[in-house]
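A short worksheet on the structure shown next.
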Amino acid sequence: MTDLFRSASAWGCFLWLLAGTALGGLSPATIEQRFELVAGDHILQVASERVTEPQLLTAVYEQAGFRPFWDRPQMLRALRAWIERAGDEGLNPDDYHRTRLAQGKLAPLDRELLATDAFLTLALHLATGKADPGRLFPGWNFAPRVSLPLSPARLTAVLAQGEISAYLQELLPTGGYAALREAFLRYRRLARQGGWPALPPGKSLRLGERGERVAILRRRLIVSGDLAPGDAGEDSLFDEALEAAVRRFQTRHFLEADGVVGRRTRQALNVPAGRRAAQLRVNLERLRWLHYALPRTYLRVEVPAFRLRWIEGGRTIWQAAVQVGRPRFPTPIFHDRITYLVFNPTWTVPRSIARRELAPRLVQDPAGFLQRHHMDLLTPDGQVVDPATVDWTAITPRNFPYILRQRPGPDNALGRVKFMFPNRYHVYLHDTPSQALFHKPRRAFSHGCVRVAHALELAQALLHANGPGWDRQRIEALLAQGETRPIVLERPMPIYLLYLTAAVDAEGQVEFRPDLYRRDGEVLRALGEEAAEKAVALSLVEN
């Protein structure tokens, strides 16, 4: 709590003097008159400061009968402390009238209104985030699933009772937010202390190497906590303890954990601490967007982490690796419900893939291509076409008029099962024959759909949750029939596709995930830059 009330002592002396005079002398009539003097009954500016939440400000004072709230010094002290603490939440204290509220010459009525607007704005930002994800990312559909504790009646009651600290604390997200916040504070502190040394370019470093670059690497990994100071051996020797530290660093940065410091590992090592702090700040905001949106039970696809998790009451009860969309074909971020599964699926090749990627190969050897890939050539109305009847010399990728459909089987691009949640993006979860790709640390290989490792385990779990009788033996028997078989879920499963580029894992390790689709910079710009972070690049490097 020391941080919460830092800088409050000096301010408190002024507020104690103020309490029994100017603010205490405000009457409801004085406040009401101020609202009556403005067009539309919404105050848009106070003491040359823009009011951030004019409609909510009006609603709260109407609910309170225009009684003043800030005639108690402890409330103003608490507000001041929370405004300062906003920076520790990855928000900007200047968004909450920090400078104006600290001015001793501010008129009592102006102070009253600015303090209320600061409180309301801070409450909204803590509960749901400052940036509007709907504006940043078209298609965003993560609406709150429960009633937010932000109604004018609730806000008025909190202000009237004076319990603003407890209320603001309750608004903070749960789950991984606290751990991510601690990581943000640590990396911000590291940045302000000068960060870590940069590793100069040179040949790859590995076990047994010696030299000054090894000594720099050792210091770098000690600063970030990947190497314990007690494990430090000979400074310039790449020993086994240093190799283990490199592997830890590589794992939490989604790099090949081979213990060798090559080009990509050196690039990740040399990302400045300030940029990592900014990355953590962005993801604190993303967690605020999601706080009231996530249900108790759901599937969670963490796109930059290449991971699928089944969540029950905040706990992970099952997880699997996934492959997601390449940067050119990003997996969309949205939520829906899985309503049915399809065993032994066919794959109707999307028109863009058929024209751009497959048609040039098809025209070279039509019959052979279709046979090798177990595909049928169809007319737009679904009639099978004999490739021998087509004049392929007249066919180009641009005018390719046919549909390609892959038959069920072990080589089908969708594997043995797909999980359907019909949506405007035409994406879904599915099995894949490309199992070897799951061993890669970064798995952005698809055209947007999500390929799931251990897909039959997921299918069995979903079906078991919908009723008894679905064991692995029954599923294998169904697959052996070779026929396409849809199975409707009696209880659809919510699925959330999320974009989080930093998190703290179950062991307390900070994960820095690749910003696959270059979205961190947009969020950081929307948050606004604090003076101490002006040097942080707005578009974070692909790490």
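Here the Cβ of each residue, glycine as well, is placed from N, Cα and C on the backbone.
Database features (TrEMBL):
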ACT_SITE  His430  active site, proton donor/acceptor
ACT_SITE  Cys449  active site, nucleophile
DOMAIN    297-478  domain 'L,D-TPase catalytic'
Notebook entry, point to check: Should the residue listed as 'active site, nucleophile' be counted as helix, strand, or coil on the basis of DSSP?
Noted result: coil
Margin query: What's the number of neighbouring CB atoms sitting within 10 A of the CB on the residue listed as 'active site, nucleophile'?
Written below: 23
Checklist line | Average pLDDT across the domain 'L,D-TPase catalytic' (297-478), rounded to a whole number | finding: 95
Check: Which of the three DSSP-derived classes (helix, strand, coil) applies to His430 (active site, proton donor/acceptor)?
Finding: strand
